Amino acid sequence: MNNTNKCKIILLTGYLGSGKTTLLQYILKVQNLYQVAVIQNEFSDEMGIEAPLMVDNNGDIFDSFFELPNGCICCSAKGQMMTAIQYFIEKKPNIQFIIIESNGLADPSSLIKELWADQGLNLPAELATIVGLIPSHKFKTLYELEIFRKQIIHADLLLLNFQDLCQEDDIILIEKQLKIINPNGKLLKSVRAQIDIQSIFEAEKADNKIFDQEHIHFEEVGNIAKIFLNIDTPNITQQEWNIKIGQMLWEEDLKIMRIKGLLFCKDEQVMYSLQGVEDIFEITPTNLPISNQQSISKILIIGQKITEELIKNIILSH
Amino acid sequence: MDSAIGSYICQTIDCSKPATLQCPTCIKMSLAPAYFCDQECFKRYWPIHKTYHKKQEEQDDQKNKFKFTGPLRPGKISARLFVPDHIKKPEWYLSGQPTEEMKSKLQQVVDCKTPEDIQKMRECAAIGRGALDAGHAAVKAGVTTDEIDKIVHKYIIDHDAYPSPLNYNGFKKSLCTSVNEVICHGIPDDRPLENGDIVNLDVSVYFKGFHIDLNETYFVGEVSESSKFLVEKAYTCLQKAIEICKPGTMYRDVGNVIEKYITENGLAVNRTYCGHGVGQLFHCAPTIPHYGKNKAPGFMKVGHTFTIEPMINQGTHQDILWTFDNWTAVTADGQRSAQFEHSILITEGGCEVLTARLPTSPPLDFKI
């Protein structure tokens, strides 16, 4: 997920009625800088594949979208959506952004995992930004829903929509609660999804301010908990980190939805970035030098059944 | 039943009699011959058989328009072979659809085989190995891949097992034969192998409720130095991948080992097709990419069974599909591709290659 000439994928998530389609229409109307295509992805895994609606800048519909040369192969590494996007880019090589609207009633994590394709596949498109839309005026009720919370935890950009229907106090409360399950997301406020659209096209993926914190947190909302760890790991190599994170995500009876970290790896010259969604994760080098000869790693985990003790045990065990 | 090599079985789906009468329309259309035992069977099966004529016509049209990437052209595919009644068949034998397989929880969860499961898989693997060796022994210039398919089919049914690919998602044959620029899933046809070809035979067998999957690439006569190099590297990269298979290894590391070795040798790893879990199901979790920098989840554990089957290309890693048959995957630049595959069981001490070569296996064409 770094800066390249690849086509950038922007994923819009958010509950039904949060303003995703309004935002899409607004983007297509006001933006004139980029070549943009749109996928309205109103199918879910359970429903099987239905042709999603795909339109370009001029509103032309590509209905041949799912006639794939490589469709439906039993052991294909790439999922349907990514294959479709790749095929689309071959047909329209000038496309700079593809905006995908996710299903308002579904957990977007499987779609996110699919769009977060392996580096080794060398695909012409990459997931750049996840925008989470929130209908601020319904926040209190929706926050009770697990599916709503799952739609928010992955966002890089959180759009507090329907500002006009809220009191100032409500907004402050919403911001506070969002910080618990998505402390990393950048907050924007809007009425009818009208925002400075450059903030979407030029959103910085890695907003690592969260890692400036020094102390350990544990907070819980409903059944979703957040842990922030600041831990000295002078003797863990990159390969050992891979195994430890694998244990956390695959072996223990935890349900980790999101994991993010800045890791100190023994014998390396730079810090490493950890990114993970459910059972998929990646540890890659950053260009950040190791600060003050310190061997501190910082990890943020959002999920269920997680406790600080369990996580620490996995990291510090041999 | 006359079961000599080259004899046909009545095309009618529930008939197992030997057959000599040919469908006249197939002859007139110069399609591959379809055999029937008697007029009665022919009449009964006609409503189904005649759709095959139409399909062939449409397919020929598509073939003529297709932009081939290399010199290989498809031949005629003969009609489907029969499997005797007493053999236990997978769900797709009649429907063509692996419906239960797709729905199974084993697509998400990797199971650990019990000692009884493992015993059955070993028996299944022995049949698979024998079938591949029988196919291998027949490889030479002038022999068609259809003839090799019949040999492999006969070997498998003679051992009371079912050839897993047969009618799997509608695949017409019991074996995949991938010649030269074909990466995988080539369909046996009437093209005679030529001196200088390389050919991969991919055998899968279903026996006592378990599947096994293995393949090897062979030389036909005298092949070029570059083809020898390709096939040998494809063999060696699989061996290197098997060396890291043991409890605790991350599945994602298999691709790193293969990619490193293959890139060092100036070749490319296909990215579209992956290794897979094998056992009660033909294809299930885990999915094992053969390329590096992948995020495949999971550790190998005692009792896991899966395939590793890297497809190695001389030129680009990219593949395209022969859209007129929807199976054959070829290299996007028409250069050659080679592959070896084993079914592997994770054990306490490391792994057991269930489909390993035997002292009786015909030797490979290069030093191993």
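Yeah, the Cβs are placed from backbone N, Cα and C, and that goes for glycine too.
For the Zn(2+) 3 site, TrEMBL gives B:D202, B:E341; the one candidate out of B:D190, B:D213 that the record lists there too is B:D213. Per TrEMBL, the Zn(2+) 4 site holds B:D213, B:H276, B:E341; the candidate it also names there, chosen from B:E147, B:E181, B:E309, is B:E309. The domain 'C6H2-type' (B:7-60) scores a mean pLDDT of 84 in the predicted structure. Here the binding-site residues are B:D202, B:D213, B:E309, B:E341, and none sits under 8 angstroms from chain A, going by CB atoms. Separating the Cα atoms of B:E309 (Zn(2+) 4 binding site) and B:E341 (Zn(2+) 3 binding site) is a whole-number distance of 4 Å. The distance from the Cα of B:D213 (Zn(2+) 3 binding site) to the Cα of B:H283 (protein binding site) comes to 10 Å. Cα separation, B:H276 (Zn(2+) 4 binding site) to B:H283 (protein binding site), rounded: 6 Å. There are 23 other Cβ atoms within 10 Å of the Cβ belonging to B:D202 (Zn(2+) 3 binding site). Spacing of B:D202 (Zn(2+) 3 binding site) relative to B:H185 (protein binding site) is 8 Å (Cα to Cα, whole number). Residues B:D202, B:L214, B:N215, B:G275, B:V278, B:F306, B:T307, B:I308, B:H342, B:S343 surround the recorded Zn(2+) 4 site, their Cβ atoms falling within 8 Å of the Cβ centroid of B:D213, B:H276, B:E309, B:E341, which are themselves excluded.
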